[in-house]
Amino acid sequence: MAGYKHYFKKNWRITMVSELKSDILHEVILRRPDQSHKGDYGRVLLIGGSVQFGGAILMASQASIGAGAGLTTVATDRANLTALHARTPEAMFIDWQDSDQVVENIKKSDVIVIGPGLGTDQQAVDLVKRVFATGTQDQILVVDGSALTIMAENHLMFPRKPYTIATPHQMEWARLSGIQLNYQTEHQLNEVQRQILNLDVLVLKQHHTLIYAQNELRQLMIGGAYQATGGMGDVLAGTIGGFVGQFKNNHLKAVEAAVYAHSMIAQEMASHSYVVKPSFIADALPNYMARIQSNL
Ligand SMILES: NC(=O)C1=CN([C@@H]2O[C@H](COP(=O)(O)OP(=O)(O)OC[C@H]3O[C@@H](n4cnc5c(N)ncnc54)[C@H](OP(=O)(O)O)[C@@H]3O)[C@@H](O)[C@H]2O)[C@@H](O)CC1
Ligand SMILES: Nc1ncnc2c1ncn2[C@@H]1O[C@H](COP(=O)(O)OP(=O)(O)O)[C@@H](O)[C@H]1O
Ligand SMILES: [Mg+2]
């Protein structure tokens, strides 16, 4: 496993943790101008979904669409095509073995989400490398799930050009940072954040998720164990993709709003559901966002 020093270089100064509050939703989720079209709300490309983990990319794309991405395209295994179109006909499909089409779509996307259900075989490694090599300055990259495991296993660094957001759970973070779970205290994280390389936002998922950015550390104080269901992080990755694709004024705030909305919807559902199905959150997003926009 790579030592964490391999990944971190940029100077970050984080002083204290502040609570992420509901204000962030009202700051970010605003009424859309009438004179606008789908191209204004983000071209989001999601890459993932091996035969084994097809559900992950379906949930992420459902969330991207539910969160309001103008155009959502999914690069995945052909085995997922029928299910994708049956679940989310709004999504476009590309076969992830078609390198030319993958590269063409990476280039024309505003946001690229890579990792949900990607798996870690050689094809997946090649896809991560291709995305990292092709991403440009004005694009936003969300790195999640298997893509983070691939980075750790192959000693890859986050790319320099795109605005880059990583969304590891604690084990993915352990693989990537070299810091074992028991040592993932705030102090340890501050130490590594001081030196983080090429990363703009780190969403460290857990009970009370932490969001690190330059000079800022916020903590989510809502949500609970009713969210401990496979796919919950995949839906978060798609939600972040949809939010950063359309709410363009401030990328960090868009990420924070996505993290808050994802858990707030879950918390509301938990009043009448013992566990919350991740795909229900994806489908609840448009209604929830309308309520925020109308201050209800
Ligand atoms: N329906 C689908 O298609 C789904 C597809 N998925 C896709 O599968 C891919 C692999 O992702 P993954 O997260 O399932 O596996 P991995 O990265 O090996 O981590 C699990 C290991 O880490 C440990 N662990 C410790 N702390 C932890 C924590 N806080 N949170 C979580 N885990 C924690 C944990 O410990 P244990 O459970 O053994 O105690 C275990 O040893 C990825 O692409 C993802 O998108 C999933 O989304 C599920 C639904
Ligand atoms: N006990 C819990 N309390 C609050 N949030 C939780 C809890 N368990 C899981 N979550 C949330 O669910 C998501 C799980 O992400 P992840 O492990 O990547 O899921 P998956 O890869 O299965 O989609 C994260 O947003 C995490 O914060
Ligand atoms: Mg995950």
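From the backbone N, Cα and C atoms, a Cβ is placed for every residue, glycine too.
Given the structure is predicted, the values throughout are model-derived calculations rather than measurements.
For 21-292, the entry in TrEMBL reads domain 'YjeF C-terminal'. Over the domain 'YjeF C-terminal' (21-292), the average per-residue pLDDT in this prediction is 94.
The (6S)-NADPHX binding site annotation in TrEMBL covers Ala56, Gly117, His169, Asp234. For Ala56 ((6S)-NADPHX binding site), other Cβ atoms within 10 Å of its Cβ number 31.
According to TrEMBL, the AMP binding site annotation covers Lys205, Gln206, His207, His208, Thr209, Gly233. Under the three-state DSSP scheme, His208 (AMP binding site) falls in the coil class.
The AMP site is set by Lys205, Gln206, His207, His208, Thr209, Gly233; from the centre of their CB atoms, other residues of the chain with a CB within 8 Å are His169, Gln170, Leu204, Leu210, Leu220, Gly223.
Distance noted between the C-alpha atoms of Gln206 (AMP binding site) and His169 ((6S)-NADPHX binding site) is 6 Å. The record gives Ala56, Gly117, His169, Asp234 for (6S)-NADPHX. Within 8 Å of the mean position of their Cβ atoms, the other Cβ atoms in that chain belong to Gly48, Phe53, Met59, Ala60, Gly115, Pro116, Asp144, Gly145, Ser146, Gly230, Gly231, Gly233, Ala237. Long-range Cβ contacts of Lys205 (AMP binding site) within its own chain (separation 6+, distance under 8 Å): Thr167, Pro168, His169, Gln170, Gly233, Leu236.
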